[in-house]
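Features reported for this protein in TrEMBL:
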type	residues	note
ACT_SITE	GLU25	active site, proton donor
BINDING	LYS86, VAL106, SER140, ALA141, ASP142	substrate binding site
BINDING	ASP138	Mn(2+) binding site
ACT_SITE	LYS159	active site, nucleophile
Amino acid sequence: MTLPLTFSAEVAQARAAGTPIVALESTIITHGMPHPQNIEVARAVEADIRTAGAVPATIAVLDGQLHIGLETTELDALAQARNVAKLSRADLAACIARGGTGATTVAATMIAARLAGIAVFATGGIGGVHKGAEDSFDISADLMELAQTPVTVVAAGAKAILDVAKTLEVLETQGVPVIAVGQDSFPAFWSASSPLKAPLRMDDPAQIAKAHTLRAALGLPGGQLVANPIPAEDEIPAAEMAPVIAQAQADAKAHGISGKAVTPYLLQRIFELTDGRSLTANIALVRNNARLAAGIAAEIARQAA
Ligand code: PSU
Ligand code: MN
C-alpha cells in the first residue's frame, strides 16, 4: 500500500534540492487560536522560516491525503474551516481511511515529519501532564511520541496550564532529552522562566543538531524537546498568569470539559481572561521557535553534507 502523501510544490522542491525543512503543526491553527489571527500567525511563521533560509512544511490531513506542506489556498481554507478533527497518534490512520480532514497535534505532526524525512518541527507548546492527572489520567500522547519518533521539537516549554513538574518527570522516565536554550530554567510558555530547572541546557543550534544526529547513531529511538523561552519583551510574568490559569481551570471543571477538548477550551478561556494578551505572547513565542528551528535544521543538513 502506498501512503496518500501529498507534498506542497515548495516542499517537493526543497526535498529535491536538499534545502532544510521545518515541520509545523496545524492544531495550533484550528484549535489553538481564533480566526483571523490564526491564519495571520500561520503565514508569519512560514515567512519567518523562509527568511531564516529553510522551507516550512505545515502538516494536515485534507480529504484523506496526508499533506506535507500546504499551498496558500489550502492553508486559508483550513484556518477558516469549522469542526475540523484534532488528530493525535490514535486518530491519524482512521482519518485518512475515512477520507476525512483533520489538524495534526504535536504527536501526529512528528509522525508525519518522520515519514517525510523532516528532522525538525517548531510549535508553541507541547501537550503534557494536566493538573489533577492523578484523578483524570489526562496525559498528552505528545510525551510518548517524543520518546519514540526521531524529530527534534522546538517549543516554549509546556503550557503553564499543565502540571509542568509532572510533565518533566514523564519526559525523564521516557528518556526524552529536554534542552533549555539560553537559560537554566525550563520556560513556562507565556513566561520566560519557571521555578523548574531544565535537565539539559544547550545554547548553540549546532550542538543541538549534533545531539539529534548522535541519538540516531547511538540507536536511540525518539526525539528531543528543545525548550526555547519566549523573548523577555513579549512575556507575561508567571505571577500574572497564575490567577488567570486557575480561573480557566475552574471554568473547565464547572463546564465538565474533558478529553481532547480540554487544551483548546483552556487556551480560548485564557485568551478571553487576558483580553487577548495571551495570544499576542503566543504569537511571539511561536515565531521565535520557528527561527530557532530553522537554524537547527540548517545545522543538521550542514553536518550531514
Ligand atoms: N500549544 C499551543 N496551542 C495548541 C497546542 C499546543 O500553543 O493548540 C495543541 C498542540 O497541537 C498539542 C495539543 O499537541 O495542543 C495537545 O493536546 P492534548 O493535550 O489533547 O494532547
Ligand atoms: Mn489530553
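Every residue, even glycine, has its Cβ placed from backbone N, Cα and C.
Unlike curated records, TrEMBL annotations are generated automatically.
Small disclaimer: the values here were computed from a predicted structure and weren't measured.
Highlighted here are the binding-site residues (LYS86, ASP138, SER140) whose C-beta falls below 6 Å from ligand 1: SER140, in sequence order. The maximal spread of the substrate binding site, taken as the longest Cα to Cα distance among LYS86, VAL106, SER140, ALA141, ASP142, is 13 Å. Each of the recorded positions LYS86, LYS159 was ranked by the number of other C-beta atoms within 10 Å, and first place falls to LYS159. Annotation: GLU25 are the recorded positions among GLU25, ASP138, LYS159 whose CA atoms are within 10 angstroms of the CA of VAL106 (substrate binding site). Filtering GLU25, LYS86, VAL106, ALA141, ASP142, LYS159 by Cβ distance to ligand 2 (under 6 A) retains none of these recorded positions. Neighbour density for VAL106 (substrate binding site): within 10 A of its CB lie 27 other CB atoms from the protein chains shown.
Annotated pair ASP142 (substrate binding site) and the residue listed as 'active site, nucleophile', C-alpha to C-alpha distance, rounded: 13 Å.
Taking Cβ-Cβ distances under 8 Å and a sequence separation of 6 or more, the neighbours of the residue listed as 'Mn(2+) binding site' in its chain are VAL129, HIS130, GLY132, SER258, GLY259, VAL262.
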